[in-house]
Amino acid sequence: MTVENVARSGVASPISSSHSTPETEPTARRILRAATPYLFMAPFLLIFGVFVLAPALYGVWISLHNWDFFLPRHPWVGLGNYTQLFHRNDLTASSFWASMLATGKFVVFSVPFLVSIPLGLALLLNRPFRGRTFFRAVFFAPYVLGVGVIGLVWQFLLSTNLGLVNHYLSLLGIDQAVPWLTSLPWVWISLVGVTVWWTLGFNAVVYLAGLQGVDVSLYDAAKMDGAGRWSEFWHVTLPSLRPVLLFVLTMTILASANVFGQAYLLTSGAPGTETKTAIMYIAQVGLEQFRMGSAAAMSYILALVLIGISALNFLFFRQREDS
């Protein structure tokens, strides 16, 4: 029986029945196929909406009210909580900007070390040598510890009178106890040092992942041109790691600007309020003074500053890439 006879007899051809074109595909199947990506994203979008987007929008609403737990009502103040932070003679405003200054100092002091030291460590751990996997695990291990553990351990180690660090320094002939957690500049050295020790492993792993994507032929071409180790690093490694550098720099700035646990557990803002960061002061205003409206306004001003810094990072790296 020919194909023509089959068609005339009303029997469908196996070829035509097994493959349907988009025009002949059932409507329900086409809708399901189009909705499949969104169905896979639905759990994440649900979690993001419930735990991120909804609290963020609710925080904006709180910042526009005089939100006190002890008040039966929360009167509308509009932008009053925001404008209060820009009054020169206001105690809340001066304390908030002092905490922002302390946060800025911590970012400036810590970010260069958290970007450069993990990069050098990743370059070393990327070389083939015996025990490389072990050392990778050792340097990453502190990052899995919680900030509470880190704070308590280093508070004991850096204690002025009972700390092991001062004990070993005394064995080396340094009899004067160093006030690591109570005096300047030692408090900043302690906070930055503990943070670098704790988190450099994560950035090193990110750099290591980026190094795996560098084209080896670029190094071969550089060697043929007579390039040394420094030239290879400057002209091959760094340009290839530009997206990774942008990610590490941006995430490190955001993490350092949101520092809370280390400063709270190690120094409690001492000496005075020198190390009281913005997050510490926001928590104090909101959770101790119960002025949630002012605390919410402070948090959004901090967020706007960080968004601006992140945007500048993207623009800077884009200009470097274009040039």
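These residue numbers are counts, starting from 1, taken along the chain as shown.
A Cβ is built for glycine as well, from the same backbone N, Cα and C atoms used for every other residue.
From a predicted model like this one, the values you see are computed outputs, not experimental measurements.
Residues or ranges marked as compositional bias 'Low complexity' by TrEMBL: 13-25.
If you look up TrEMBL, you'll see 100-313 marked as domain 'ABC transmembrane type-1'.
Summarising the annotation, TrEMBL assigns region 'Disordered' to 1-26.
Sequence annotations record features per position, and here TrEMBL assigns transmembrane segment to 38-61 (among others).
Sequence-remote contacts of a segment are chain residues at least 6 beyond its ends whose Cβ falls under 8 Å from one of its Cβ atoms, and for the transmembrane segment (106-125) they are 132, 135-136, 139, 188, 191-192, 195-196, 199-208, 211, 233, 237, 241, 245, 248-249, 252-253, 256-257, 259, 263, 275, 277. What TrEMBL records for 106-125 (among others) is transmembrane segment.
Nonlocal intrachain contacts for the transmembrane segment (137-157), taken as residues 6+ away from its ends with a CB within less than 8 angstroms of a stretch CB, comprise 121, 125, 163-165, 181, 190, 194, 197-202, 204-205, 261-262, 264-266. Under the heading transmembrane segment, TrEMBL lists 137-157 (among others).
Per TrEMBL, transmembrane segment is recorded for 186-209 (among others).
Look at TrEMBL and you will find 244-265 (among others) tagged as transmembrane segment. Distant neighbours of the transmembrane segment (244-265): 103, 106-107, 110-111, 114-115, 118, 147-148, 150-152, 155, 191, 194-195, 198-199, 203, 206-207, 209-210, 238, 275-280, 283, 302, 305-306, 309-310, 313-314, 317; these residues of the same chain sit at least 6 beyond its ends, with a Cβ under 8 Å from one of its Cβ atoms.
Distant neighbours of the transmembrane segment (297-317): 59-60, 63, 81-82, 84-85, 96, 100, 103, 242, 245-246, 249-250, 253-254, 257, 278-279, 281-282, 285; these residues of the same chain sit at least 6 beyond its ends, with a Cβ under 8 Å from one of its Cβ atoms. The transmembrane segment annotation in TrEMBL covers 297-317 (among others).
Counting only same-chain residues 6+ beyond the ends of the transmembrane segment (186-209), those with a CB under 8 A from a CB of the stretch are 105-106, 109-110, 113-115, 117-119, 121-123, 125-126, 136, 139-143, 145, 150, 154, 158, 178-180, 241, 244, 247-248, 252, 255-256, 259, 262-263, 266-267, 270-271, 274-275.
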